[in-house]
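Trainee: The active site annotation in Swiss-Prot covers LYS163, and the record cites similarity to another entry as its basis. What Swiss-Prot lists as NAD(+) binding site is ASP62, 93-96, 126-130, 150-151, LYS163, LYS172, 190-193, and the listing cites similarity to another entry. Per Swiss-Prot, divalent metal cation binding site is recorded for GLU205, HIS276, HIS292.
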Amino acid sequence: MSGVETVGVHADAHRDSWQVRAQKQITYEVRFRDDVFGLDSTDLLEAGADGAGSRRRFVVVDSAVDALYGSRIREYFTHHGIDHSILVMRVGETVKDFDTAGRIVAAMDAFGLARRREPMIVVGGGVLMDVAGLVASLYRRGTPFLRVPTTLVGLIDAGVGAKTGVNFNGHKNRLGTYAPADLTLLDRRFLATLDRRHLSNGLAEMLKIALIKDAELFQLLERHGRVLIEERFQGRTGTGDRAAVRALRAATHGMLEELGPNLWESRLERSVDYGHTFSPTIEMRALPALLHGEAVCVDMALTTVLAYRRGLLDVAQRDRIFAVMTALGLPTWHPLLTPEVLEAALQDTVRHRDGWQRLPLPVGIGGVTFVNDVTAAELQAAALMQHRLAEDALLLRA
């Protein structure tokens, strides 16, 4: 994370007070890079360090990633003559907390991390991105870090934005900061070892972007979604390769296009909050049964029905959306969609969005609007219809 600080100080002699105004420009990069840990790649060694940099690196690696790629990661740093310390961590939503963050801090202290010259490197999925990003933003009040996401959620969602966080008091990401990594390297080769469920999990976030702003991406998922899963975005066929490249770039560009002008969320009408109104509560109450993207898809299915009932979608569009969700291996219903849970979820979201629902609903496929007048009765009716449509979609797929 780089930038220039500008400061102005104004003294008011009549009030015996001073007003300080400061601005800091933030610049960060998201870059596609095949074979990040190939011995000829130096991206990770050139980014994020002030001045002359250092030949030392502290690296946090997800334990599942370490089991598959650990020897290659160690070989990479050894080959380049980097004095490195690797902290291997088991992470997940159930341990996305301050205890996990504290373990990273303790390891950084033990390594003796230099504040500016030795950016922390984070290699793993979205949960690790969030926790380690929070640590980087807090450690000595701000330490640069680099991200190498290894899951689809990480590549197109958690790894490209500025938000960090941990769960607290039963709430998802209740404590967090805005702290983008100086550089995020997106390497689709990591998806080759991702299981089908976690691929589907990430496809939910890709579908979110498609539904709120990219009809062409929706059509791509409609036509080639199953191929993307079968080939794990590795492009084993010409069709699969073209689809994988287009889908990953469209989703990443779409996400950054939405985040960039509103990085600090000064505007709370955020189209990328689609699928994230009810899902935080559902996901936390369902732990560990639902993955993040699965909860998001359940939310999107509900809000698709809300949009249909309000005339924002026609029946054909509604059914196409449900069909794609099902084809991608995503749930469109969950027993937690009760009136009590939906009301609690909406109330918490209203507090998060400063007193208004600011609920994004799809308009057709590829458009979005925001509403503030959804009622409990409307939610209950939509959930009942959603349950029926979910069962119908499963029957059609069978």
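Cβ atoms here come from the backbone N, Cα and C positions, even for glycine.
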Trainee: So what sits near GLU205 (divalent metal cation binding site) in its own chain, CB-to-CB under 8 Å and at least six residues off in sequence?
Mentor: LEU152, VAL153, ILE156, ASP157, ALA251, GLY293, VAL296
Trainee: Would you identify which of the binding-site residues VAL95, VAL127, LEU191 has the most other C-beta atoms lying within 10 angstroms of its C-beta?
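Mentor: By the 10 Å Cβ neighbour count, VAL127 comes out on top.
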Trainee: Should ASP62 (NAD(+) binding site) be counted as helix, strand, or coil on the basis of DSSP?
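Mentor: SS state of ASP62 (NAD(+) binding site) = strand.
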Trainee: If you measure from the Cα of LEU191 (NAD(+) binding site), which of the recorded positions LYS163, HIS276, HIS292 is the nearest?
Mentor: HIS292
Trainee: Determine, using Cα-Cα distances only, which of these recorded positions is closest to HIS292 (divalent metal cation binding site): ASP62, VAL95, VAL127, ASP130, LYS163.
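Mentor: The answer is VAL127.
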Trainee: Between the Cα atoms of VAL95 (NAD(+) binding site) and the residue listed as 'active site', find the distance and write it as a whole number of Å.
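Mentor: Pair distance, Cα basis, whole Å: 18 Å.
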Trainee: Hey, what's the Cβ neighbour count for HIS292 (divalent metal cation binding site) at 10 Å?
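Mentor: Excluding its own Cβ, the number within 10 Å is 23.
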